[in-house]
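J.: Sharing a structure with you now.
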Amino acid sequence: MEALRLGFSPCPNDTFIFYALVHGRVESPVPLEPVLEDVETLNRWALEGRLPLTKLSYAAYAQVRDRYVALRSGGALGRGVGPLVVARGPLQALEGLRVAVPGRHTTAYFLLSLYAQGFVPVEVRYDRILPMVAQGEVEAGLIIHESRFTYPRYGLVQVVDLGAWWEERTGLPLPLGAILARRDLGEGLIRALDEAVRRSVAYALAHPEEALDYMRAHAQELSDEVIWAHVHTYVNAFSLDVGEEGERAVARLFAEAEARGLAAPSPRPLFV
């Protein structure tokens, strides 16, 4: 059987989640071929329907609901997990300022667009944002992934925690990313893949040290301390199953996107 291409990012939470599935520690209903790419690349590919199974920002999912459906397992959603805006010093407002952003299809960018208007986005790969801010190439940066743990090393300060802002505004956890299956795979296979991803998450949680070498191999020279901080922040009970509260959070995010004309309403269910 031809291998199914599975896209996910090289960030520790994704490599932790998929370690067991990729290495045969848990059974998959079909052979899988891992494709590791930056999340914004995966977001753009999803607009083309390129990968049958892929990690995706929830903000991008809102644009591809007719083609993809979210698995209940494997996602990144929670409290205290949000993107941060950082700068070299305190800022009163972002209007008119250049802000380095990790892509216009990311949930982080969507949140920043809700929070502030009039800033000038400068799109770069997420791991270039901190150096750009520190060197004065831009006035502020919108940071995601491990950057939320490393920005003090660059002498930068937090301007706003967009996750905390979302939680205060909605009372809900923040949906960041999900694992999506292309609907043409069929419901039976999609449900089997969902269960396989859930088992992979459970295996990693039960044997965390076993995944460390795989995480290190893709973690862009991060220390073990930062790798584990990343995992403990982004992998949680919502990663095993999005649950009712998670579903409400995603529905709220999509409603915000639809209200601003950033996504079309869809009658399709959000999750398999």
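Each residue, glycine too, has its Cβ placed from N, Cα and C.
Straight out of Swiss-Prot:
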type	residues	note
ACT_SITE	H145	active site, proton acceptor
BINDING	K55, L56, S57, T107, A108	substrate binding site
J.: Enumerate the residues of the same chain, K55, L56, S57, T107, A108 excluded, that satisfy the criterion Cβ within 8 A of the mean position of the Cβ atoms of the recorded substrate site; list them in sequence order.
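T.: Along the chain, the qualifying residues are V39, N43, Y58, A59, A60, Y61, A76, H105, T106, L176, G177, A178.
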J.: Report the same-chain neighbours of S57 (substrate binding site): residues 6+ apart in sequence with Cβ closer than 8 Å to its Cβ, ordered by sequence.
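T.: V39, E40, N43, H105, T106, T107, A108, L176, G177 - these are the non-local Cβ neighbours of S57 (substrate binding site), listed in sequence order.
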J.: Note down the number of other Cβ atoms within 10 Å of the Cβ of T107 (substrate binding site), including every protein chain shown.
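T.: Its Cβ has 31 other Cβ atoms within 10 Å.
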J.: In whole Å, how far is H145 (active site, proton acceptor) from L56 (substrate binding site) when you measure between their Cα atoms?
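T.: About 14 Å separates the two Cα atoms.
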J.: What number of additional C-beta atoms lies within 10 angstroms of the C-beta atom of the residue listed as 'active site, proton acceptor'?
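T.: Step by step: centre on the Cβ of the residue listed as 'active site, proton acceptor', count other Cβ atoms within 10 Å, giving 27.
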